[in-house]
Amino acid sequence: MLFLFSLILICMTLVFFMFLLNMFFSKKFIKNREKMTPFECGFDSMSVSRLPFSLQFYLVSVIFLIFDVEIALIMPLIYLNYLTYSFMIFSIFFILLILLGGLYLEWLEGALMWFK
């Protein structure tokens with residue numbers, strides 16, 4: 001037990017010293033005035049670099065993620081052998097009905113309208 005503890009302690013100190021050597025010899029930590037300034041194709045920036053992000057992109061990506069995960073949950077039902085054919089068809093139909101209901105609600109709320 002003591003041997004194992006000393007081995008772990010030696011390995012941890014070795015890793016710590018490796019990190020210290022990396023920080024000491026790394027060129028990344030050398031501060032340079034040219035490297036600290038912003039770079040935009042060799043020219044000074046003329047405008048603000050952050051443009052406003054459209055909320056519609058975010059909303060469509062979240063809706064896609066939700067529907068994609070739900071469709072991925074349907075896929076294993078095809079490979080289940082112990083389910084009867086009618087129960088499998090009913091469960092897939094029920095899940096797709098829930099998906100279509102969610103899509104209809106998103107359409108009613110105007111989340112799918114790109115231009116308002």
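From the backbone N, Cα and C atoms, a Cβ is placed for every residue, glycine too.
What TrEMBL lists as transmembrane segment is 6-25 (among others). Beyond the transmembrane segment (6-25), no same-chain residue lying 6 or more positions past its ends has a Cβ under 8 Å from any Cβ of the stretch.
According to TrEMBL, the transmembrane segment annotation covers 55-79 (among others).
Tertiary proximity for the transmembrane segment (85-107) is limited to same-chain residues at least six positions away from its ends with a CB under 8 Å from its CB atoms, namely 63, 66-67, 70-71, 73-74, 77-78. The feature transmembrane segment is assigned by TrEMBL to 85-107 (among others).
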